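Trainee: The structure that follows is given in the form of structure tokens.
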Amino acid sequence: MSKEKFNRSKPHINVGTIGHVDHGKTTLTSAITTVLSKRFGGKACAFEQIDNAPEEKARGITINTSHVEYDTELRHYAHVDCPGHADYIKNMITGAAQMDGAILVVAATDGPMPQTREHILLGRQVGVPHIIVFLNKCDMVDDEELLELVEMEVRDLLTQYDFPGDNIPIIRGSALKALEGEKIWEDKIIELANSLDKYIPIPVRAVDEPFLLPIEDVFSISGRGTVVTGRIERGILKVGEEVEIVGIKSTTKTICTGVEMFRKLLDEGRAGENVGILLRGTKREDIERGQVLAKPGTINPHVKFESEVYVLSKEEGGRHTPFFKGYRPQFYFRTTDVTGSIELPENIEMVMPGDNINMVVTLIHPIAMAEGLRFAIREGGRTVGAGVVTKVIA
């Protein structure tokens, strides 16, 4: 089957839905694809299709993520929907880093809930630059004052985490009614699409920087070879170019023999795109999630670094007790978690939840890193901190 070439005529933007469980993230995702496919072409995705997100295994923990695509008048969007279970957080850390903007779904019937707060916080930590709010289930609230109250609460919460709460577009709608084809609610989906076009700037893509792709998944395609998938963090990779596989194991070189996106073949992959990369002569078992593909000589694996870390408070879902030197949590880099131990500054005995701290981390195996790389700290299945690499030591 020959694959058609991917159309690049519209700017390409990555977005996703975030918010509390059962507030309607998946229903909204389905409504967006359904309403926009009527106006601008493309494929409508049913709730069930999106809800049955393919399972992705990450170190024995199953994560589900659904990718859909749609067009607005001006742009092409790739949209990720994360199911709202307890492991959502892990998905935020690996997945929300893939968002140029997020649609925060808040049910007007409930207002902001604990996961609403947690997702905003994580959006801040993992670098989601813009948030738009879809106030869902407005068909079930007759009281205008109540809607205004919920809006105010959401704006305050966003402001609390350094998003411009006062200026963020809030669209009042009903995903379910839009999905059922009621025009007044369908128009709200169009309003949301217009807000995405207006409010989320076309990101300054890092296409001029050296190529780097964090590997999310690896599989072999019989007769063709090994394919790795992920979102290109920066640069451009052309078919035929040499790349290095960096991190976890010894660095190796290979050649890119194919690039594809949404099952369409490309001559090259560019920063910001979710792609599959076909590698020449590389065995499935030689490569794993958590490594990166990079332009040769541009990034090195390291195990020891200085970092600035924010430790989540108990209220934010963090630890209830302090930790001390020798603490050994997991450090999440891009798509992987690595155990590491910490050293605290000389005069500091312990770190309290809610503190900011400068710490030196030593990982048990090397990760491709440079200054400015962000990470999360996790233990026992929950996020307890977020940080950034300030200086590479070894």
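Even glycines carry a Cβ here, placed using N, Cα and C.
Note that this is a predicted model, so its numbers are computed, not measured.
Found this in Swiss-Prot, in case it helps:
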type	residues	note
BINDING	19-26, 81-85, 136-139	GTP binding site
DOMAIN	10-204	domain 'tr-type G'
REGION	19-26	region 'G1'
REGION	60-64	region 'G2'
REGION	136-139	region 'G4'
Trainee: According to DSSP, folded down to helix, strand and coil, what is GLY19 (GTP binding site)?
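Mentor: SS state of GLY19 (GTP binding site) = strand.
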Trainee: How many other Cβ atoms are found within 10 Å of the Cβ atom of CYS82 (GTP binding site), counting all protein chains shown?
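Mentor: For CYS82 (GTP binding site), the count of other Cβ atoms within 10 Å is 26.
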Trainee: Tell me, roughly as an integer, the mean pLDDT over the domain 'tr-type G' (10-204).
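Mentor: It averages 86.
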Trainee: Please classify the secondary structure at CYS82 (GTP binding site) using three-state DSSP.
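Mentor: In the DSSP reduction, CYS82 (GTP binding site) maps to coil.
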Trainee: Report the DSSP secondary-structure composition of the region 'G4' (136-139) as helix, strand and coil residue counts.
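Mentor: So the counts come to 2 helix, 1 strand, 1 coil.
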Trainee: If you draw a 10 Å sphere around the Cβ of CYS138 (GTP binding site), how many other Cβ atoms fall inside it, taking every protein chain shown into account?
Mentor: 21
Trainee: Drop a 10 Å sphere on every Cβ of the binding-site residues GLY19, ASP22, LYS25 and tell me which sphere holds the fewest other Cβ atoms.
Mentor: ASP22
